[in-house]
Amino acid sequence: MNVRRLALAVLTDVTDGGAYANLRLKQAQAGLPEADARFLAALVYGTLERLLYLDHVLAAYAPGRAKKAVRGILRLGACELLFLRTPPHAAVSEYVSLCRALGKGGAAGFVNAVLRRVDRERGTPPPLPAALDERLSIRYSHPLWLVRMWLGELGREEAERLLACPPLPQCVRAQYPETAEGLLASLPCPAERGRMDANCLRLARGLDVTASEAFAAGRMTVQGEGAMLACRALGDCRGLSVLDACAAPGGKSAYIASLAQNDVALTCFELHEHRVALLERTLERLHVAARIERRDAAVFDPAYADAFDAVLVDAPCSGLGLLAGKPDLRYRAAEDDVAPLAAVQAAILDACARYVRPGGVLVYATCTVSRRENGEQTAAFLARHADFAPDALPFAQGHALQLLPHVHGTEGFFMARMRRCT
């Protein structure tokens, strides 16, 4: 199939059908030559990363005229003209032809005129709004509520640097340290070591590493560097009893076992049946033994009272730390989600605190950049639980760390380490 037509199908499924871009793209890339697969990823991700800006440009040149069926063609075409290196005449011609191939020949002239104007006026684009929050929202294609939240929590300079952060490389992790060098040499694309974890390898986005022999054999898995550090926040777990309270899809459970050289009694809780199955498959592929239970981590079970030396709570969260690598999440996230998620996080922390034996460690982690879900959440927990105290992270000053993409080169990730008093 024509790559641009395939890109339109993927983009439409994501923006109008609620599909996840990474999963839908992986499906669409199956069987494509590598060059086509890369171009498809560039078109889809490039458009999603700039969606609000592209719509701003197109609204100036075609106000109210683009029907939904043609809107995706214009978005892709504008992205290719403004941000990719395709010769303008060729790009416009391809999208006009795509319009006709889809049975929308009546709109071909309109598409041709709009895209030619996009190209012609690329040096003098439509002005952005004067208001700072609206200007940043459109310029960096993030929802207005989120821009306002980050401006309030981080300040203008830090918020804009976060909004402007380019897409991060894809990260994979060697399951065991001795395999990292071999993986680095065997990957079919350029790769480099992670910035904060030696078992992390960073490589180009858009490649389906899950189709590799190393993935199937359990020598590596896909995992962000922030998630890896959350596992290291537990400290040395060799010979200990450890609970991963929100364990699916299993990458962190597997890394806990790896860091402990498989000398750990590992228990995994997961609420949803389909995610339990995913967790089981991950641990089986990575050759990790664990006790897996389908259980709501927010509901205390007296059978596990004081049962664990270390507990990891990687809580459900708004996922705002993943937006640089998963741009479609920008348009799913909603301001109203934060308060209910914070309530769930608090309930999970309260229940799991009772599983930590005296002297043991509780690590709370999220993949978000949200004061309410992170710093305020752990401060409130410590205020409720006088038997817990902040405990220094093994790799950083203080008991808590907020990773930021533009500062640390990782996904946005928060972790806090607390110890139960004896």
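Including glycine, each Cβ sits where the backbone N, Cα and C put it.
The annotation active site, nucleophile is assigned in TrEMBL to CYS367. Counting every protein chain shown, the Cβ of CYS367 (active site, nucleophile) has 22 other Cβ atoms within 10 Å.
As annotated by TrEMBL, S-adenosyl-L-methionine binding site applies to CYS246, ALA247, ALA248, PRO249, GLY250, GLY251, LYS252, GLU270, ASP296, ASP314. Cβ-based neighbour count (10 Å, all protein chains) for ALA248 (S-adenosyl-L-methionine binding site) stands at 23.
The feature domain 'SAM-dependent MTase RsmB/NOP-type' is assigned by TrEMBL to 135-421. Mean model confidence for the domain 'SAM-dependent MTase RsmB/NOP-type' (135-421) is a pLDDT of 95.
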Just the number: how many Å between the Cα atoms of CYS367 (active site, nucleophile) and LYS252 (S-adenosyl-L-methionine binding site)?
13
DSSP-derived class (H/G/I helix, E/B strand, else coil) of ALA248 (S-adenosyl-L-methionine binding site):
coil
Give me the long-range Cβ neighbours of LYS252 (S-adenosyl-L-methionine binding site): same chain, 6+ apart, Cβ under 8 Å, in sequence order.
GLN223, ALA227, ALA230, CYS231, ASP244, LEU312, ASP314
Greatest C-beta neighbour count within 10 angstroms, which of the binding-site residues CYS246, GLY250, ASP296:
GLY250
